[in-house]
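Enquirer: Once you've had a glance at the structure underneath, I'll fire off some questions.
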2 protein chains.
Amino acid sequence: MTVIRAALLGFGTVGQGVYNIAQQRREQLKQKLGGAELLIVKILVRDLHKRNRVLPDGFADDAKLLTDNIEDVFCAGVQVVFEAMVGEEPAFTYLRRAIVEHGCSVITANKVMFARYGPVLQELAASCTPTSSSCPATRLYVGFEATVAAGVPIIKTLQNMCHVQRVRKIEGIVNGTSNYILTEMREHPEKTFEEVLRKAQELGYAEADPTNDVSGQDAFMKLLVMVAIAFGHQPDRSTIPVTGIDTLTLEMLQDARAKGLRYRHVVSAAMETEAESSRPLTTPVVEGEGAGLCTRPLPERLTCSVTPRLLGPEHPLYYMDGTTSAVSVETDYLGVVTISGPGAGMYCTASALMEDYAVWMEAFRRP
Amino acid sequence: MTVIRAALLGFGTVGQGVYNIAQQRREQLKQKLGGAELLIVKILVRDLHKRNRVLPDGFADDAKLLTDNIEDVFCAGVQVVFEAMVGEEPAFTYLRRAIVEHGCSVITANKVMFARYGPVLQELAASCTPTSSSCPATRLYVGFEATVAAGVPIIKTLQNMCHVQRVRKIEGIVNGTSNYILTEMREHPEKTFEEVLRKAQELGYAEADPTNDVSGQDAFMKLLVMVAIAFGHQPDRSTIPVTGIDTLTLEMLQDARAKGLRYRHVVSAAMETEAESSRPLTTPVVEGEGAGLCTRPLPERLTCSVTPRLLGPEHPLYYMDGTTSAVSVETDYLGVVTISGPGAGMYCTASALMEDYAVWMEAFRRP
């Protein structure tokens, strides 16, 4: 029997979701992935002696899974590391070591870390191989579907598209809290921002400290992750304007309502060429040698922003209400493709991590 | 230099699109796929001496690519076959031979063939390996993204989800012609079905013989392909009711308009269990051993249909106008994810075939 030994870094909502799914879908995964069985052998928490720790139902640490020492994780001989921590460090250092020192694949939900270090981790993984000879995979993998829009599969869709398509524009609603607040304020014009925020907190949609969400910083990180895939490089952060929904006034919202328009908090990245700026956006751009179809592309310019925008009913994001996340991608061959779904939640996010694991095992498994 | 030798079966709109993209994106594909260069070495047409053949701009058959003899294709030592023909045969026989006799990967846009023989081709490919020692892939691949909704990536999304999620329901608009006609008739109540159909034909959205589209048969084939992925088996065709938009009367459309509802031609497949039928659909269903969370699943029942349906604004398919294709998938961990985009067109469909090629090369390339 093939066993894949895994570690979990972080055991909050998302980490516990991963743990639960690994238990619930043990047989399904094994059957779909050539008999390989996923076994979580270590779980890193910040403080082992934390009081009032909330644990999954039925979880008793009989097998001594929990540790607050990363060396215990690396000593456990793991082949894949699931990371659901917060912030750039120590998450990046742990994942870098997992790849370089231990030949592990890594799967992360940490957008702040990945927005900064994603390309570094991908390069490291491409130059290393699984060190464990019992690992049934031939290559290391860096999974990060869960960093943007939870389980809504925007990352793999973008990655697949980019083999063949040229992305011209990305627009997305990627912060469920902001979209929930904007939706509620539109539907209940009598409520204040504070009232709506409080309700969002009660429903578990907003954090106790909502600054990251309402200021646009959370959405900004997700934009950076998408831009790196779609356009192949990380833009200079300081050149991107970031405005949150906290800049909107009641008057602005009322005015939008009166005009039949809707405010959405939109992240966007658009590649423009001089020639294209006057061309309708759904025409395929063709170039290069071959069927005698075209000329070389003109110099390109990438413009990014994170800001509340007033949209009309012709826009695909106009209809995305509540905590929905949605991303529209416009490419030269395809036109506009839109993906939407629930952008947050324990199982939405955790299942994205587990799907990354399955895709890795499916694609890179030894024949 | 690694060269991947490819054949094209069928050289109509989609086949020519594949040919054009292979030329236009030669360098991009090579760079993204570890230096492997895609070379189309044979193109099968029905009749080599057909008069007035329409060919891609700049295409002169100097290299004698065109043939009407399948043996010429197999003698050319190809590693991957792109199939863009019509109907079950001879497409199936050619692809079966390509896999079994010649160790080729196959990538198809042929929904009628795939709805019948998809699982057979997948089983054959799983039990064979690339015979050409120069092939940089370790495994054979069956790509069929283009069979449903052209380049809108519903197939790979479903495949990825199904590793971890349990699909509970699929609903989709997968025939652009029908959706265009329904949209036009709603927006222009003064026009008759015949007038709208004629306009669709003029715009290239409908075939000269639109029977397959307006009767629901085209959508039915696409439903069968999706059901096989989502629920792991092919349902008995005779048990699925198929109704086209040709059953709608002007009065029915006017009545819908008056009520603020919209007719959409919807394919659907839903898995019900007794216990779930009374449960809200977004609750995660959990079962099996592990975190002490649950009980065994109850006996399940799959219900499929293809029919015009009256939808209100709360439904994700309500907003999908014109030639858009859209599919909503509801799973236990995720809730409802919806993907939409242009569901037809030369480059939309052809780029889906080419993305399959890239995914194959990326995933199964020798390390």
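Positions of Cβ are set from backbone N, Cα and C atoms, glycine also.
As listed in TrEMBL for this protein:
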type     : residues                                             : note
BINDING  : A:Gly10, A:Phe11, A:Gly12, A:Thr13, A:Val14, A:Gly15 : NADP(+) binding site
DOMAIN   : A:10-125                                             : domain 'Aspartate/homoserine dehydrogenase NAD-binding'
BINDING  : A:Lys111                                             : NADPH binding site
DOMAIN   : A:153-356                                            : domain 'Homoserine dehydrogenase catalytic'
BINDING  : A:Glu207                                             : L-homoserine binding site
ACT_SITE : A:Lys222                                             : active site, proton donor
Enquirer: Among the binding-site residues A:Phe11, A:Lys111, A:Glu207, which ones place their C-alpha within 10 angstroms of the C-alpha of A:Lys222 (active site, proton donor)?
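Expert: Those close enough are A:Lys111.
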Enquirer: Can you give me the average pLDDT across the domain 'Homoserine dehydrogenase catalytic' (A:153-356), rounded to a whole number?
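Expert: The predicted confidence over the domain 'Homoserine dehydrogenase catalytic' (A:153-356), as a mean pLDDT, is 86.
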Enquirer: In whole Å, how far is the residue listed as 'L-homoserine binding site' from A:Phe11 (NADP(+) binding site) when you measure between their Cα atoms?
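Expert: Each residue's Cα considered, A:Phe11 (NADP(+) binding site) and the residue listed as 'L-homoserine binding site' end up 17 Å apart.
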Enquirer: Whole-number Å only: compute the distance from the Cα of A:Val14 (NADP(+) binding site) to the Cα of the residue listed as 'L-homoserine binding site'.
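Expert: Taking the Cα atoms only, A:Val14 (NADP(+) binding site) lies 14 Å from the residue listed as 'L-homoserine binding site'.
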Enquirer: Between the Cα atoms of A:Gly15 (NADP(+) binding site) and A:Glu207 (L-homoserine binding site), what distance do you get, rounded to the nearest Å?
Expert: 17
Enquirer: Under a three-state reading of DSSP, tell me whether A:Gly10 (NADP(+) binding site) is helix, strand or coil.
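Expert: Assignment for A:Gly10 (NADP(+) binding site) reads coil.
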Enquirer: State the three-class DSSP label for A:Glu207 (L-homoserine binding site), counting H, G and I as helix, E and B as strand, and everything else as coil.
Expert: coil
Enquirer: How far is it from A:Thr13 (NADP(+) binding site) to the residue listed as 'L-homoserine binding site', counting Cα to Cα, in Å?
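Expert: With the alpha carbons as reference points, the distance is 13 Å.
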Enquirer: By the DSSP assignment reduced to helix, strand and coil, which category contains A:Gly15 (NADP(+) binding site)?
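Expert: SS state of A:Gly15 (NADP(+) binding site) = helix.
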Enquirer: Determine the most Cβ-crowded residue among the binding-site residues A:Gly10, A:Gly12, A:Gly15, using a 10 Å radius around each Cβ and all protein chains in the structure.
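Expert: Buried the deepest by this measure is A:Gly15.
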Enquirer: To the nearest whole angstrom, state the Cα distance for the pair A:Gly12 (NADP(+) binding site) and the residue listed as 'NADPH binding site'.
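Expert: The residue listed as 'NADPH binding site' has its Cα 15 Å from the Cα of A:Gly12 (NADP(+) binding site).
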Enquirer: If I take the alpha carbons of the residue listed as 'L-homoserine binding site' and A:Gly10 (NADP(+) binding site), what is the distance between them in whole Å?
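Expert: Given the Cα positions, the residue listed as 'L-homoserine binding site' is 18 Å from A:Gly10 (NADP(+) binding site).
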Enquirer: Can you grab the distance from A:Gly10 (NADP(+) binding site) over to A:Lys111 (NADPH binding site)? Cα atoms, rounded to a whole Å.
Expert: 14
